[in-house]
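Have a look at the structure below before the remarks.
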Amino acid sequence: MTNVVNNIKSFFGKIFTVIKTFFWDTRRFFNVQKRKVGAYLDKRDMNLATKFPGWARALLYLSPALIVLAVFTFWPIINAFRLLTYENYDMVNNTVSGYTIFGNFIRVINDESFMVAAGHTEGTAILNTIIIVFISVPLSIFIALFISVALNSIKPLKSFFQTIYFLPYVTNTIAIGLVIAYMFKTDGGLVNDLFGLGKFSWVESGAEYWRSMFVLIFYSIWGSLAFKIMVFLTSIQGIDKQYYQAAAIDATPRRRIFSRITVPLISPMIFYILVTSVIGAFKIYNQIVALFGVNGKPAGVNYTMQSIVMYIYQYIGANGNLGVAAAGSLILFTIILILTLVQMQVSKKRVHY
């Protein structure tokens, strides 16, 4: 019996030895191959470093992204300056009546639907856009900031409220606009019924300019809150809790905690949101189409709610005059660039990194 047990132990011992030997031989083989591959790669990198400087290799690695950027960003900008010189360019027939330098700029500036409306100052493209930017952007930032602070403070139903506030970000802009327009309907609208306003016209026939502007600003603010809340809430949650604990020990009021701790520590994100919000508000288009149609004009009124982008798009589509559209695009680009540079200068003193 003892011999049988010893034979079994010897058999399994030999199997274990064979497996262990195979494992170590395989590992040794792969280590040798790894060293060979590493030596080859090091030699190749040395050859590349000898033949090409660092900036050339970086350019090679970045070339796919640079090609896409050149085709879809740089070339359209350069082409805009070329189209700017075309006078009365007909996109449909591809004909040009002449060439000009500042003619298209002058035409845009003198256009009453862009700069100065005939007989009144309401409803020009640039005025509408400026009103939307300077009212909706600050209000949306303040509202989003306070909602973010509130969401960070509450514990129950926190995920539920985050989901509710994030819904506009993942919902189609036109669909939301149709819902907003129905809320402000003259007959049977939720707002009129809720506040007992009767047949009060907001965005339909006979609506006054500031009523329509109020609805548009309301829609712009509500639609932009989701992304701002998400950024602010993430920034607030990243603040070191020791700051708040020290403030609690000193019995610091909540208002002072907000102004002296929260706002300074998330000021880089506030600045980021400010810049992107200003740029986005200047490019407003979908919201106007959803509320007032492709012409940006409520029925039965003598004003229009079109923005600068809508003004540009009308010359690209219906009129087909790309020279005027290019001039409007460059005016919009210049306005955004100047405001962005001003914000960059202000941020050097107000933003704490």
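One is the number of the first residue shown, and numbering goes on along the chain from there.
Glycine too: its Cβ is placed from the backbone N, Cα and C atoms.
Annotations in TrEMBL come from automatic prediction, not curation.
Taken from TrEMBL, the feature transmembrane segment applies to 58-78, 125-151, 163-184, 213-236, 257-282, 322-342. Look at TrEMBL and you will find 126-343 tagged as domain 'ABC transmembrane type-1'.
Across the candidate stretches 58-78, 125-151, 213-236, the maximum count of CB pairs under 8 A to the transmembrane segment (257-282) is reached by 125-151. Across 58-78, 213-236, 322-342, stretch 213-236 shows the highest tally of CB pairs under 8 A with the transmembrane segment (125-151).
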